[in-house]
Structure formats: C-alpha cells, structure tokens
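Data block below; observations after.
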Amino acid sequence: MLLPVPLLLGLLGLAAAEPVVYFKEQFLDGDGWTERWIESKHKSDFGKFVLSSGKFYGDQEKDKGLQTSQDARFYALSARFEPFSNKGQPLVVQFTVKHEQNIDCGGGYVKLFPAGLDQKDMHGDSEYNIMFGPDICGPGTKKVHVIFNYKGKNVLINKDIRCKDDEFTHLYTLIVRPDNTYEVKIDNSQVESGSLEDDWDFLPPKKIKDPDASKPEDWDERAKIDDPTDSKPEDWDKPEHIPDPDAKKPEDWDEEMDGEWEPPVIQNPEYKGEWKPRQIDNPDYKGTWIHPEIDNPEYSPDANIYAYDSFAVLGLDLWQVKSGTIFDNFLITNDEAYAEEFGNETWGVTKTAEKQMKDKQDEEQRLKEEEEEKKRKEEEEAEEDEEDKDDKEDEDEDEEDKDEEEEEAAAGQAKDEL
C-alpha cells in the first residue's frame, strides 16, 4: 500500500526522532560487567574496581556500580561499544559519581576514546576525544573538566565549573550539539552552557591588535594633573619629629659616664607631611587609548569543532589518593530528553532514600559516640570515686595507727610513773 507523501515523511520523521543509545551500563547483572570491561595491563599496579553499592544507598541493587578499592592508585578500566560518529547530531554523555569516602584528592571523570584504542594498553597518555567529569584535590581544585581533543591537542574550557564535593551520588551530563554549542548539567540542572568557539581556544582569535597602529605621542591618558597655579605655603615644611619640650635631664645624669644628654623626640603637631599640589581636570585628557583591531588573517572558522569521526570506548583513567568512589548509570546517546528521563529514572529515584540512609547512619553514629563518651565519663568518675575511697581508707588506717601509737605511748608513760 502506498502512503501519502506527507504521512510517509511524518513517519520517517518519527523514526528519525527515536533516541539512539550507543552505550548504557547500570551493572544489573552481577559479575557480568567483568566480561564487558577491560583492565589495562600498561602498568602492573593499577588499582582494582569492585562492584558495590557502598556503605549507604537508595537501592542496594540499582545503586551498585564500579567502586575504586585501593588508596593512592592509578585506575585504568574501559568498555567498548559499536563505533559511531556524532557528526550532524547531538552527543550526550552522562553518568553518576558518588564520593562516599569524602574524597580529598582524586578524579571522578570519564574519557571517550576513538575505535583505535588498545584497551589493554590504555594509560594516562592515551589519546582521547573528550574528557568529562568532576576532579577534586584539596580545597583549591573542585571542578568539572570538559576537555576536547582538537587536531591532536587537548583543549581545556576557559570557564570554572564547580563540581559537587559531598558524599552523595550526583548525575553529570555533557551535551555537545551540531551548532557548536554545549551544555553541562549536574543533577539534571544546567550549570554551564555556551559556544564551543567562545569557551575553548580551539581557533585563533577572530580579531587581533593592528600591528601597524600605535598610540600617538601626544595622546594624554591622564585624567587629572597638578594645578600649575598651586604653590606650597611658606610655613609648610616642618620636621616630623621634635625634641620633647617637657623632657628634663635626670638629676643623676653623668655626662662623663652617660654621654651628652639629649631629650627624647615626639611627633611634631605642626608636621603636615609631604606637600602635593591640588589636582585639576586635565584639559588635554583624551581617555584611555584603545588599540584598534583588525581581522586576524590566521583565523578560519570551523563548523565541525563538535564532530568526531569515531567514538568506541568509554574509559575510567584516573588517580585517587583515597579510594571509594562509585561510578554508575553510564549513558551515551544522541537524545537530550532521553538522557534527562534516564537520569530521573535512575539517580532521581534513589537519591532521597540514599540521603535518608546516610542521615540515619550519622544519627546512629552520633548516639553511639555519645553513649561511649557517657560510659567513658562514668568509668572515669567510678575510678575517681574508688581512688577517693582508697585514699579515705588509707587516712582512716593512718588515723587508727596514730591513735594506737598514742595509746601505747600513754600506757608506757603511766607504767613508768608507777
């Protein structure tokens, strides 16, 4: 049956609008992840990932993810998917990160690699397409990295995007669009957006300062000048310090022994400081000279900054001082709405229960510490009471001994008298 052209085009449009999921990983099949994720053998001491939902969670099964398990280690683990290009379509990269160890220094980001990556040799210098996610190291570094590899060079964003630094699970989303715009979301809320060309130094600047232009010699940028008619008053110059007129030489001052007496100095009440002529508006003031700009002959627009020929591997290539971070709910798609919905159905469903469990644990820990502190104080008081009791018994014994000695002495004296 032949369909009318408008209906056919509409159906084709609906088909084209279906989201394409290139990669999705939720770790819902137990140890099955070990068949999909490859450990790099580039170094023999890479840290190990384990499957865990952590010490607290919203749903013990749904919140299971890859957790770093060894302190002060590099980690290198990756998963491959069917290669694709994002040319002509949006790219959405999304995952959750949970720093339940209250991380002090370590990465929580992912890298997207082209198809040519040797997963068993993946390491920190392996060339990637995009690096995205949180990075924390001390109080000075708490940022979201958004790094693109452009013509073989890793280019960092010019903006500072602050990441979450608490112990709970957070959803990170990067959207790269075919119009060379981007958006970064945390917990499904936009935290940054803009133009790739404006916020990264992919290209030379459109404008440069005219090399042939220079500030005219008579260009006066001084807004104020000294008043040429102003002059210093004749009585202006006074010393800053003067001898104290109330000081007197001590009566016992011996000039042969102590030298010539000089009175101490004090601040001169008539001292006025350095004289400066008053300021007036400069009649020759022309404002700040602005260097004229010209079109940069080195600049050439690139409509395909956003595009990569091949995405095929998602990798966790990072360093952590204190382990315990959990990665979960990985998603790579071409559909922004689908990614937002997926985030709400995963992180969004369990986040409240996760916090409730953590709050309950914290309250139980607080009560336990209070009880331990109470018990410790009671034991200390009991020990003090026991010591006081022993001291009292010793005093009583000493008193009894003293009384006995006095009685014996009295008896002896009476005997002598007899």
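Cβ coordinates come from backbone N, Cα and C, glycine included.
Marked as region 'N-domain' by Swiss-Prot: 18-197. The Ca(2+) binding site annotation in Swiss-Prot covers GLN26, LYS62, LYS64, ASP328. Summarising the annotation, Swiss-Prot assigns disulfide bond to CYS105-CYS137. Taken from Swiss-Prot, the feature alpha-D-glucoside binding site covers TYR109, LYS111, TYR128, ASP135, ASP317. Annotation comment: Swiss-Prot describes 237-270 as region 'Interaction with PPIB'. If you look up Swiss-Prot, you'll see 244-255 marked as repeat '1-4'. Annotated repeat '2-3' per Swiss-Prot: 287-297, in sequence order. Sequence annotations record features per position, and here Swiss-Prot assigns motif 'Prevents secretion from ER' to 415-418.
Mapped onto this structure are the features recorded in Swiss-Prot.
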| residue | record | contacts (Cβ under 8 Å, 6+ apart) |
| --- | --- | --- |
| GLN26 | Ca(2+) binding site | LYS62, ASP328, ASN329, PHE330, THR346 |
| CYS105 | disulfide bond | ILE136, CYS137, GLY138, GLN320, VAL321, LYS322 |
| TYR109 | alpha-D-glucoside binding site | MET131, PHE132, GLY133, PRO134, ASP135, HIS145, LEU318 |
| LYS111 | alpha-D-glucoside binding site | TYR128, ILE130, MET131, LEU314, GLY315, LEU316, ASP317 |
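Proximity of distant same-chain residues to the repeat '1-4' (244-255), defined by a Cβ-Cβ separation under 8 Å and at least 6 residues beyond the stretch ends, is recorded for 261, 263-266.
Of all Cβ atoms in the shown protein chains, 25 besides its own fall within 10 Å of the Cβ of ASP328 (Ca(2+) binding site). Nonlocal intrachain contacts for the repeat '2-3' (287-297), taken as residues 6+ away from its ends with a CB within less than 8 angstroms of a stretch CB, comprise 204-210, 213, 215-216, 219, 221.
Other C-beta atoms found within 10 angstroms of the C-beta of ASP135 (alpha-D-glucoside binding site) number 18, with every protein chain shown included.
Sequence-distant neighbours of LYS64 (Ca(2+) binding site) (same chain, six or more apart, CB under 8 Å from its CB) are PHE27, LEU28, LEU51, SER52, SER53, ASP328, listed in sequence order. Cβ atoms within 8 Å of the centroid of the Cβ atoms of TYR109, LYS111, TYR128, ASP135, ASP317 (the alpha-D-glucoside site) belong to the same-chain residues GLY107, VAL110, MET131, PHE132, GLY133, HIS145, ILE147, GLY315, LEU316, LEU318, site residues excluded. Cβ crowding, taken as the number of other Cβ atoms within 10 Å, peaks at ASP317 among the binding-site residues TYR128, ASP317. Computed over the repeat '2-3' (287-297), the whole-number mean pLDDT of the model equals 96.
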